[in-house]
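Trainee: Following this message is one structure expressed as structure tokens.
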Amino acid sequence: MKLLAKTNRIYLAFSLAIYLFAGLAFYQVVRILIYNEVETRLKVEKRDFEAYLKQHKAWSDTTYFVENKIDVVPVGRQTRLSETFIDTLIQNRYDQELMPFRQLTFYVPIQGEMHRVSIRKSLIQSYQLIEVITVTMAACLGLLLLGTFWFQGKLSGRLWLPFYESLSRIKRFNLASATPLQLDKPEINEFRELNEVLRKMGDKMQQDYRSLKEFTENASHEIQTPLALINAKVEQLIQSEKLTETQTRWIEEIYQASRRMARLNQGLLLLAKIDNQQFTNNQTVDLAALLAEKLNAMDEVLLHKRIAVEIRNLVPFTVQLPPALADSLVANLVNNAIKHNHAEGRVELASNGKNLSLGNTGNALVSNPERLFERFKKEGSSLDSVGLGLAIIKEICDTYGLQVEYAESNGWHRFDIFRKIGAD
Amino acid sequence: MKVLVVEDEKGLAESITDYMNKEGYLCETAGTFREADERIYLYQYDCVIVDLTLPDGDGFQLIQTLKKLLATTGVIIISARNALEDKIRGLEIGSDDYLTKPFHLSELNARVKSLIRRRNFGGHTEIRFREIRVNPSSRKVYVNGQLAVLSRKEYDLLLYFLSNIDVVLTKVSIAEHLWGDNIDSADSLDMVYSHIKNLRRKLLEKGGSDYVRSVYGIGYKFGEP
């Protein structure tokens, strides 16, 4: 939920509660005031009535002609002699309508006999008054509520504007680019401080990223150069005529080890570069076509190992990948399918546009298939493999919204690549 | 033929120079950007081998200066960075080739030779070794005047041998020369063997001598029997 929506909602709920309470309280106060007024007047009339009785010693209804004004009923012996106020509804003489009245009931002896006397006052005017007051007040409060709500929305929208501006800039901020994070200097202190802190963090992150990138590049350079030196010296050494066969074998081993180290270094460097997302020039590539092309380019090895290639249903499988990584992915997949194949085996490539699969014959798997994609995980202890090929495949797939799965049954190994759900 | 090697790693520069001198080139070295800059202003080279990362400067800049001074000089970049962008940039500013470290001296030598051949004679020169005659522009091989029909890889292999006469070439370097970097080595070494066998047979069939010798299993040597 957006911050402004949240504050607006809280504000709305709170002011509604307050206004509702205020309205109810106001209504009650007005009501009590009106009742007080009516009851005071009823009491005055009671005194008038008692004064009349004292003077005339008797009561006659004729003195009062106003309907429902007074009611004198003889009650005989009566125990309850208290004075009570009640609300009552009495029918109008002309149009049979029930009208609200306030009634004061008391008992008084007239000519020796106990009478119950009820004096009433119509509440109709008072009720109308309450209604009018309530409606006016509700209207006023409603308008006030809407007004402040609108004002509050506008105000906080304006107040938080620098915040949203900063937020959108941070979203657009690219760690790998050379441009630093640029944020405004808003007049509100808190936001200015926030931007200041964010800017510093951004600069630090970019700097760290750059030094990390440089580190991997420099490390690679520093390792490749001595390896180049070893290689060159070995090459010069084997030109010597005086070497014995054993010495040559030793040199050969040094040479092979240095080659392996170079390949290992290159593999690790590639993985680090993918991790750091240093490849940014994504392009649309058709992996199915690239795989077919690669298999075609490897025809010599395939022929040499007498491996049959079968390509079925080559529907384009387009993905967004940097070309260098697409090439690496395809090369690793094909190399893997050939390396772990046996003579007179088979390689099968199929694509239906959603799923790209490359299968190959081979020996049954010895290691745990779950851990096959881990770095330095090797099937067997082959010397010419550094165990990074599948890790590179997985890393590329993971980083670019693809999923790779491996399955094996009866000496048939298959790699499936498909788009991750939710990824473009 | 004058070659300048710009490389800050002394040992490597020395190996390259030794190899090149043996091949009959006049080879000079420069260990820093400043030294290299000075040399290319003072002398003319047929080929310059440049390392991209120098302690006091950028190899690209050197190539740009060089191309301004004398556009016909061949340039080969040797770099530890195996980045596509570097390769593209190198080609754009006029370098002819790009080798990633670690490389084989024999490979570097073959590339220098091929480059100089292209530069000096536009590829219209024949390579001769005794009774073998190779025409690089038509990719045809004659033994004793007779055409020997070689496959593409056999031709490449022969040319690689002819560029490195009397030098032990490791099997790995031959495999990488023929198929590039990303090929499974166990298979490619077998394939190297079968290509060498076929090449030998085809040369012998046309009455040539057997010039290929196996060296203790580490590699092969092409030269006087």
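Heads up, the Cβ atoms here are built off N, Cα and C, so glycines get one too.
Dumping what TrEMBL says about this protein:
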DNA_BIND  B:124-224  DNA-binding region
DOMAIN    B:2-116  domain 'Response regulatory'
DOMAIN    B:124-224  domain 'OmpR/PhoB-type'
MOD_RES   B:Asp51  4-aspartylphosphate
Trainee: Which whole-number mean pLDDT does the model give the DNA-binding region (B:124-224)?
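Mentor: When the pLDDT values over the DNA-binding region (B:124-224) are averaged, the result is 88.
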Trainee: Return the residues near the residue listed as '4-aspartylphosphate', defined as same-chain residues 6+ apart in sequence whose C-beta is under 8 angstroms from its C-beta, sorted by sequence, else 'none'.
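Mentor: Those within reach of the residue listed as '4-aspartylphosphate', by Cβ under 8 Å and sequence separation of 6 or more, are B:Val6, B:Glu7, B:Asp8, B:Glu9, B:Gly59, B:Ile77, B:Ile78, B:Ser79.
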Trainee: Residue counts in helix (H, G, I), strand (E, B) and coil for the domain 'Response regulatory' (B:2-116), per DSSP?
Mentor: 55 helix, 29 strand, 31 coil
